[in-house]
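Participant: Copied straight from TrEMBL:
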DOMAIN    49-84  domain 'EF-hand'
DOMAIN    85-120  domain 'EF-hand'
REGION    143-210  region 'Disordered'
COMPBIAS  143-163  compositional bias 'Polar residues'
COMPBIAS  164-178  compositional bias 'Basic and acidic residues'
COMPBIAS  179-193  compositional bias 'Low complexity'
COMPBIAS  194-205  compositional bias 'Polar residues'
DOMAIN    351-386  domain 'EF-hand'
Amino acid sequence: MTTKDQLCTVLQQAGRNPSQKALDKYWPPGTKKLNFDDFCEILKKEKPAEPDQLMRIFKKFDLNNDGYISHDELSRILTSSGEKMSPKEVDEIFSLADVNKDGKLDYAEFCRLLESTVEQCQTAALEKLEADAKLKRQNFGNQLDITPQSVESQPELSPSETQPRTEPETTLRKDSRSSSRPSSARSRRSSSSTAITMGAGSTKSGRLAEPKSLQDWNHTLMRGCFHLEEDGTIVSLQYRLIIPETTSVYLTIRPLNLSPIPDKPSQWMCVDTALYVVTGNETKEDSNLVGFTEFRDKERFLWRGELNAGSYLLLPFTTGCRLMKRMRKTATKAAQLVNRTQSGELELTKEFKAALSDIFEVIDLDGSGLLSLEEYNFFEQRTSGEKCDEDAWAICKENFDTKKNELTRQGFLELNLMEANDREGDPRDLWLTLEAMGYNRSLEIVEACPFVIEVYCEDVKATLQAVHLDSGIKMLNSAVQRSITSKAEARSLKGHENVLVYTYKGESRISSVIANKSNQKVTVHINNEQSKNCVSSRGMSVFAVEVPARTKMVCQHVMALNDQQEWTYNCVETIIPGL
């Protein structure tokens, strides 16, 4: 964005209503442009105006408590306080909301009108995204996804960055002075290409045999879930593994199937998973990569090795190729969460109970069938950002079904029924919880992927515990980069010997890292148009990335769209001059 007016317009399309003072703060004198990450930071600070909040404000000025405010009273307020409006602007408000034409503002109707306007703005913004996507296809070629995913899909960060998700992504416009397709002469000098054909997906690699005596090894497991955030990032718990003495270790991670029907697995079972083993403290950025689960057995990914006595972090990872943000379609009718019985009491619907039961399975980290305070607090942290203290937990145990001082599945259902009763059946807070856990309005998990980690130790019993949610981002990205650069050979782009591309070929994915060893930033144009049966973590077949000087950056991960068919990765990387 290159003007303050553009910033104001886009904020309004996102349902915000920034004051002039706020805009001046976000766009101080001397500002020339703001990028997407700047905009995301502003969105976090500018909260949308809620109709309930506006109603409370209007009621303060409704002296008669009759649902109306007179023209003279509102005019006095709006022209004398805050960001003063002109009498003409006040008249325009009345022309919209004085439905009875009696000189009084029906402020409840005005709030409804405002909410409707916000929805219309957001709809217009989505339509504009669709139009932009068509324009990008004209410039770059076809997208791999039918929605403008590139706007929301974001890459991993380099360890040198100081804040999460600050990697700039350059998308060239049709009217840009420099063409998005460099001249053939430039292309020959500064581009490089990689072509890899992968066979139809094998369900068993055969390269890492399961230990024959595995059933005799000490075994522990822990569950978790990948959660897709609004900005496109993927977060999950990270885990602490404590090995008391040197031993052989066998690690696995796989999606957790919650389907009760054996031949109809959960829809997220196709999401790829990986587990990175690093040494280091979760509060520090420095870490050493010990290994990662690069071998595959059906939906499981495996690692086997020897670990010395000590403490390790296990960092779950998914590429985002099959768990990514989708542009929301027109909302369908929301599922019913609560009903009233003939006696007037509230009860949870069968569909809502089933969803809560699945949530219980996911947050029951150790699979014991009971929720400890620690497990419940990870759930609370995800859904409300708060924690339940010991006193509140004691009250919880007094009022809901417990066993061994832990909450049962029935107790968890009772707790949610109590929350519904506290709000007299209003389901809005219940929906916030469901959405935070990845559910859509049809009670389907579409923006999450539950998983299970299993640890087998040959000679000792290891301790495995969850330690943090939504942390270790830089540590994880560092581990992903190192796993790629340690397994792949570097090749330089022609004409740019200091710009290297590492391409890692795994059993189910291909990943690349761009290393810029020069003292200047470079912009690299990525073209996957010749790839077949592929999906990229970027969500587009053509895009550009800006790599700061002296840094490495994960460029993309690519997987097969259809595992049962052959797929070809064909990527051309080109330096875009002058950007």
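Cβ coordinates are placed from backbone N, Cα and C, and glycine is handled just like the others.
Bear in mind that TrEMBL entries carry predicted annotations, made automatically and left uncurated.
Quick caveat, the model's predicted, so the values are computed rather than measured.
Where in this structure would I find these features, and how exposed are they?
Facilitator: Mean model confidence for the domain 'EF-hand' (49-84) is a pLDDT of 78.
Among residues of the same chain six or more beyond the domain 'EF-hand' (85-120), those with a C-beta under 8 A of the stretch's C-beta atoms are 15, 48-49, 51, 54-55, 58, 62, 67-71, 74-75, 78-79.
Note: the domain 'EF-hand' (351-386) comprises 24 helix, 1 strand, 11 coil (DSSP; helix = H, G, I, strand = E, B).
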Participant: Do any residues, 6 or more residues outside the domain 'EF-hand' (351-386), come within under 8 Å Cβ-to-Cβ of it, and if so which ones?
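Facilitator: Sequence-distant neighbours of the domain 'EF-hand' (351-386): 221-225, 227, 237, 256, 258, 335-338, 393, 403-404, 406-409, 411-413, 416, 430, 432-434, 436-437, 439, 443, 445, 450, 452, 466, 469.
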Participant: By DSSP, what is the split of the domain 'EF-hand' (85-120) into helix, strand and coil residues?
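Facilitator: The domain 'EF-hand' (85-120) comes out at 25 helix, 3 strand, 8 coil.
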